[in-house]
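Engineer: Next up is a structure, given as structure tokens.
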Amino acid sequence: MAQIGQILVDVPTMQTNDPYSYAIPAEWEHQLQAGMRVIVPFGRGHRMVDGVVVGVSDVTSFDGTLKPIEAVLDLSPVLNEELQRLADWLADETFAFRITCIQTMLPNLLKTKTEREIAPLAAITPAEKAQYFPDGEPRPFDPDKLDDGTVANLLKLQRAGKVTVLYHVKNQAAAKTTVGVAPLLPPAKLAEIQATVAKRAPKQADLLAYLQQMVPKQPQPQAKVVKAAGISSAVINTGAEKGWLEKSTLEVYRDPFHQPVKPTQPLTLNPDQAKAVTAITAAIDGDETQNFLVEGVTGSGKTEVYLQSIAVALRQKRTALMLVPEIALTPQMVNRVKARFGEQVAVLHSGLSKGEQYDEWRRIDSGAATVVVGARSAVFAPVKNVGLIIMDEEHESSYKQDETPRYHARDVALWRGKYNHCPVVLGSATPSLESRARAAKGLYTRLVLPKRVNDRPLPTVHIVDMREEMKSIGDSDFSTPLVSAIQERLDRHEQVVLMLNRRGYSSFVMCRDCGFVLKCPNCDISLTLHMDSHSMKCHYCGHEEAIPKICPNCHSHKIRYYGTGTQKVETALQAQFPTARILRMDVDSTRRKGSHERILKQFGNHEADILLGTQMIAKGLDYPNVTLVGVLNADTALGLPDFRASERTFQLLTQVSGRAGRSTKPGEVFIQTFNPDHYAIQLAQSQDYERFFVTEMAMRHQGSYPPYYFAVQVTASHEDEAVAAKAMYQIVDALKLDLSDQAIVLGPTPKAIARVKRKYYYQVVIKYKNEPDLKAGLEQIRQAAQIPARHGLAVTIDPEPMNFM
DNA sequence: CCGCTTGAAATA
DNA sequence: ATTTCAAGCGGT
């Protein structure tokens, strides 16, 4: 009986979200497996698309003639059983297309690219041929690059049977290769030949000697043989001609670690750490899935707990997956894992080239790498037999992907933990309210590390009331206490970290006469001043224009800059402390690849006294000489229309405070704020996470917000504001039919930034506890959104959105 | 009445 | 996503 393959085609639409049946050609019978990539004809022409096999069977419910699979791209599945099931779950959970989920899980290089060419056929007239094919050859066909008239004419010729479209599907997944050399003869035979080679061919003798101590049929890179045997490549060629050895193509792995790291040994644990490791170890051994929330103050040695737990999993011949928020921001963490576990560590993140990503992926897939460290998408790493999953800084919002599939890596990690019967360890100094609440309900086992290692004290935190300070210092960014604290550190040759909280805040231009603010023509947000490029830039769409000298509205010359940017602060800071060496770290100074690490390294080497940066400096820095942390504006995020504003502020302040006093010297923190009485700021001062948790939970309860309620956000966008708004109202009306009166519907409302990239955004947020029909209702919305999607109306569904704005 | 434009439907 | 099919409309 002929086999039939169930193929998910790479056409992300609702109509093609279910697999199509294809005949499996005889040569692939019993070879083709679910999880392999294929190329199939799809559509009435001879169009080829790529697809993924999701099943192989003998029957199909489709009664028509099956087309055969055109080509098979993999010799073994690129998605194992676990990842196939995960893809289905993910699609269901996030309202995304199944093929989109699969693409998200695979490294970029495994996505095939289709190229089209248009070629003349026999029926074409000489005049037409001369016009469209001047050199008589097929030409690339990309409707986006050709003008509309040409495209229309070519399509007309196609209908007339005068030209045809050719498809070329390219598999980009080319492994980097090098020439390999392997002995063809057994060592004894080689020794025999060595005795007979001419005296004037000493290099051939050297080669033979080297080949003898190689394992037959095990190729080594030619470059290595050349170097080790002290010969030139010409001798290798001679050896190949004489049949001593065989040259082959050898796959090499690109190594993303550019510098070697010194190996480390496990450190001695304090009692709290030891207790945590013991609990996690027991869970790795046990069959029941038990998950943990490790709540450790900054500097409490969470990383060592992770590392020793990973070691336990490895000892049991299992693998470990460790997630970190953004790898570029935490090079120190990666280095520590690499130092402990060496070669078996694979690193996955967007800073690697596509080739490097693919190679790391293959090392994991082949089992060569057993410890994976990576950012969000590494949660899909093809590790098998996982023994432990760790998510560091679990509260970080970067774990949530804000494009389809809108998954949260935490949920995926928990799914995989359950599948693999292994514990998931969520770690943070300031856990998300969701996770802490789940721990309170007993869903996670809480492991608390209340003390810093070696009993170092937490830094002393001072709150500076900027309302008072303004009276004496005017609109300077530095309060008197902070200035003297900085001066003290400069005198003592200690280092300072200054953070400028820029979330929801930037330097904009405003006219003092009429109040006009320069805005982006495409998006409804104010443009930000950039002194380095002498221009105004939009941070949403990249629009750039000249700095105005007169107000475009009232022609006044009193158009001035308001707000504070890192560049402006840097200038002011340098004026205040002329001798201080200042390093600036923000989106602009770290745009180039590797510049981030370079800045951190410079600071670590004490090539600068002050590190000034945005929230990206709050994470993971561990520099013993830093004894002062200053937060210039703590409360810019507090006013944002987002129920997580307090939580984010508290987390940020606690994280950044933890950068001070990591070594023997005590640390001090100054938080400048206009809201000194706000509980998020007060409790960040006492670094009292538990009090914050209780207080904030009360707020959430009062406002019916997560974690008391689930939330789902539906957004509609269109160039025409009325179209977006109308669509949103229709969606809400439809959804209300599926909701009980327990559910709370917020909106429809325009988004806080109503217009981005020339599109207007309207949204609705539904808060609910138990709505059995909601999922089906949302599914219907998704179905219905297919048709107007072609008219530029985009509808997205985001379960548990991170941004309510 | 035909050809062209435009939108909907099908793709195995 | 791309192609084919079908309906609408303006010119012959």
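Placed from the backbone N, Cα and C atoms, the Cβ positions cover glycine too.
Per TrEMBL, the feature Zn(2+) 1 binding site maps to A:CYS511, A:CYS514, A:CYS551, A:CYS554. Among the features that TrEMBL reports, Zn(2+) 2 binding site is placed at A:CYS520, A:CYS523, A:CYS538, A:CYS541. The feature domain 'Helicase ATP-binding' is assigned by TrEMBL to A:283-449. Summarising the annotation, TrEMBL assigns domain 'Helicase C-terminal' to A:546-700.
Please go over these features one by one and say how buried each is and what sits next to it.
Structural biologist: For A:CYS551 (Zn(2+) 1 binding site), the number of other Cβ atoms no farther than 10 Å from its own Cβ, over all displayed protein chains, is 21.
DSSP assigns A:CYS538 (Zn(2+) 2 binding site) to coil, not to a helix or a strand.
Mean pLDDT, taken over the domain 'Helicase C-terminal' (A:546-700), works out to 82 on the 0 to 100 scale.
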Engineer: Using other CB atoms within 10 angstroms as the count, which residue among the binding-site residues A:CYS520, A:CYS538, A:CYS554 scores least?
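Structural biologist: Lowest Cβ count within 10 Å among the binding-site residues (A:CYS520, A:CYS538, A:CYS554) is A:CYS554.
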